[in-house]
Amino acid sequence: MAAAGERLGRPAGPGPGCGEEPFGPSVLGTREHWDAAYERELQTFQDIGDVGEIWFGEESMVRIIRWLEKQKIPLDSSLLDIGTGNGVLLVELAKSGYTNLTGIDYSPSAIELSEKIREKEGMSNIKLKVEDFLAPSAELSGFEICIDKGTFDAISLNPDNAAGKRKQYVQSLCSVLKPGGFFLITSCNWTKEELSNEFREGFEILEELPTPKFCFGGRIGNSVTALVFQRKKDSCLYPS
């Protein structure tokens with residue numbers, strides 16, 4: 001049994017890998033799975049206008065926006081949504097006044113879906129592109145804020161060298177995020193301590209954001225971990 005404040009098992013969704021037990025390789029870590037999933041969501045949106053799953057629920061978006069507002073992050077700050085999926089988080093950020101928004105996803109169907117939702121919401125200022133974060137293009141750089149809501153979780157479930165892909169993720173983050181920039185991550189598969197270790201090269205924890213707690217067997221735990229990291233100005237695995 002986990003100690004108080006640690007994960008008490010892998011909770012059931014909503015998020016990639018949530019509910020997976022044990023934490024190991026899974027189809028949820030493959031591109032094929034997400035291509036098929038977003039093809040279905042795209043068809044559903046075209047049929048009935050349903051935007052699809054919101055990973056970790058609407059409260060996760062509220063939590064992120066509240067933190068940005070609390071920190072008085074300028075509305076024109078460059079912000080990257082890593083693994084944007086349906087792009088709903090970016091839409092909510094745009095509705096809150098943020099103007100320099102970019103979303104990437106390696107699934108073409110996800111980007112097609114997010115483009116249609118962007119068009120429906122009239123948010124033409126949101127930039128969307130098909131891109132694999134583990135192999136970022138040269139122009140994907142200089143961001144002041146990076147947000148991950150489940151993408152690192154999915155990468156961690158990849159059946160093909162997940163450990164290597166996690167290291168590549170950290171290197172990619174170093175390459176796209178400015179020194180001193182902020183990285184907000186929401187995870188259901190990793191504790192605060194585990195994430196701190198994963199991102200120890202080049203990043204330091206700035207804040208842990210409050211998430212819902214539950215009690216099991218007299219112990220208290222969090223079903224979701226939400227952290228804010230800051231990129232160190234003098235250290236990173238990847239050249240600035």
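Cβ coordinates are placed from backbone N, Cα and C, and glycine is handled just like the others.
Any TrEMBL annotation is an automated prediction that lacks curation.
Per TrEMBL, the features are as follows:
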REGION    1-26  region 'Disordered'
DOMAIN    78-207  domain 'Methyltransferase'
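Sorting the domain 'Methyltransferase' (78-207) by DSSP state (H, G, I as helix; E, B as strand; all else coil) yields 50 helix, 36 strand, 44 coil. Predicted-model confidence for the domain 'Methyltransferase' (78-207) is 95, expressed as mean pLDDT.
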